[in-house]
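Going by TrEMBL, these are the annotated features:
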DOMAIN    A:8-113  domain 'Dihydroneopterin aldolase MtpD C-terminal'
BINDING   A:E15, A:M111  substrate binding site
4 protein chains.
Amino acid sequence: MSERAPAETEAACFEAGIKFGTLYHQFAGTPISPDSAASLAAAMEEAIENQPHCRAVRIDIDTDRLAAAIEEGPAEYTELTGEFMDVEMEIAYEDTLVVAEMHLEDGYPLMEVTGVRGSGVER
Amino acid sequence: MSERAPAETEAACFEAGIKFGTLYHQFAGTPISPDSAASLAAAMEEAIENQPHCRAVRIDIDTDRLAAAIEEGPAEYTELTGEFMDVEMEIAYEDTLVVAEMHLEDGYPLMEVTGVRGSGVER
Amino acid sequence: MSERAPAETEAACFEAGIKFGTLYHQFAGTPISPDSAASLAAAMEEAIENQPHCRAVRIDIDTDRLAAAIEEGPAEYTELTGEFMDVEMEIAYEDTLVVAEMHLEDGYPLMEVTGVRGSGVER
Amino acid sequence: MSERAPAETEAACFEAGIKFGTLYHQFAGTPISPDSAASLAAAMEEAIENQPHCRAVRIDIDTDRLAAAIEEGPAEYTELTGEFMDVEMEIAYEDTLVVAEMHLEDGYPLMEVTGVRGSGVER
């Protein structure tokens with residue numbers, strides 16, 4: 001079981017992961033309220049779409065959950081974390097398309113590849 | 001020369017500084033291009049305006065400078081740094097208004113208070 | 001009540017605020033566990049001490065609180081937020097010394113100037 | 001060419017990508033000097049090793065390049081970017097080991113998978 005170079009679909013999935021780590025850790029901690037959620041979502045989508053091989057990013061910020069967190073919390077805003085957003089992304093790398101998403105699962109913002117379409121491993 | 005509690009205008013200037021540090025270090029490193037500059041500027045303004053005592057934030061991203069940096073650089077985007085933006089902010093803290101800005105001075109993104117209007121020290 | 005330039009002590013407090021905003025928003029969101037807390041605290045102190053006029057930074061990360069949050073949470077680590085750290089900072093700006101701190105107050109990571117010693121307003 | 005679920009090695013590469021995006025965008029922009037480079041490198045390694053499936057992270061910050069950038073620049077420190085560091089990482093995901101690295105290539109901090117060893121696609 002020796003080490004080998006990555007297949008095209010593996011490199012594509014690596015690229016998808018980079019975008020998710022970027023998105024999360026660039027923007028986590030941003031001051032946010034229901035009123036500012038839309039502008040932040042738009043900026044995050046456009047920022048990440050600048051990165052190589054990133055065809056589309058869709059971000060859905062749950063303003064009800066934001067409002068509830070602010071209601072319970074000590075201030076009139078809160079900080080962005082994974083619990084407030086769902087993300088879907090399409091990565092086009094050579095002949096491979098990867099679809100990946102982030103959603104809350106048992107309280108953890110799970111990032112995962114949901115689909116691979118390509119010429120790499122299994123056709 | 002003993003230690004004393006801050007005057008109102010000093011506390012107001014402290015609040016202004018917090019907002020500048022937040023703005024810069026939350027968003028520095030964001031992938032950016034001339035096309036995505038407007039959405040990022042809007043999101044930064046609204047995000048920081050969520051913070052306590054922050055009355056207004058105006059951000060001007062220099063898309064010509066962005067385009068020039070991308071032209072010289074290795075990719076079709078670059079990362080946000082202080083060299084690409086001017087910022088002006090108004091902080092209203094109790095009876096004090098602080099105006100502060102960030103602009104490039106000799107290559108350094110200088111943050112400074114440009115005006116204090118208040119009941120604190122000199123009336 | 002016209003606008004005037006900042007006094008030296010006000011500029012010093014602005015500088016202190018910048019450092020707090022930087023510290024918080026550069027590092028909030030960092031993956032952290034009780035085992036990695038010490039290296040992160042040390043890096044944060046040294047990073048912020050690089051900034052102009054910053055004489056000393058002391059950070060105390062509450063590893064018991066970290067352990068409790070991880071116990072309750074979905075993963076074997078958590079993300080750094082203000083609820084896990086106390087910060088104390090000394091800013092030396094011209095002839096003014098500012099002492100400022102961040103600590104949790106009613107669930108909010110309150111940043112405040114606790115002492116001003118200087119030649120600026122009251123001698 | 002229909003969409004399918006990711007193979008184990010593809011999921012492993014996705015995990016590797018997440019760690020690189022996290023590392024870069026959590027810490028890019030941190031104030032840094034040759035003296036503070038070692039503590040930041042140590043903190044980055046330990047922070048990322050907290051993340052799931054991350055077996056090892058090695059970061060090498062080029063202090064000569066830092067010193068040169070500071071020499072040319074307007075301040076006594078600079079901000080961390082990809083041009084100052086090489087990173088190597090090992091991700092262990094189920095039966096797959098992924099080795100990935102970041103290094104400067106033609107001025108761009110290139111992140112790539114350099115080796116895959118596993119039970120997934122080609123044995």
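Cβ atoms are placed via backbone N, Cα and C, with glycine included.
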Problem set entry | Residues in the domain 'Dihydroneopterin aldolase MtpD C-terminal' (A:8-113) grouped by DSSP into helix, strand and remaining coil | 49 helix, 37 strand, 20 coil
Exercise. Near A:M111 (substrate binding site), which residues of its chain come within a Cβ-Cβ distance under 8 Å, counting only those 6 or more away in sequence?
Worked result: A:G17, A:F20, A:Y24, A:A100, A:E101, A:M102
Exercise. Are there residues of the same chain, six or more positions away from A:E15 (substrate binding site), whose CB falls under 8 angstroms from its CB, and which are they?
Worked result: A:P52, A:H53, A:C54, A:I91, A:Y93, A:V98
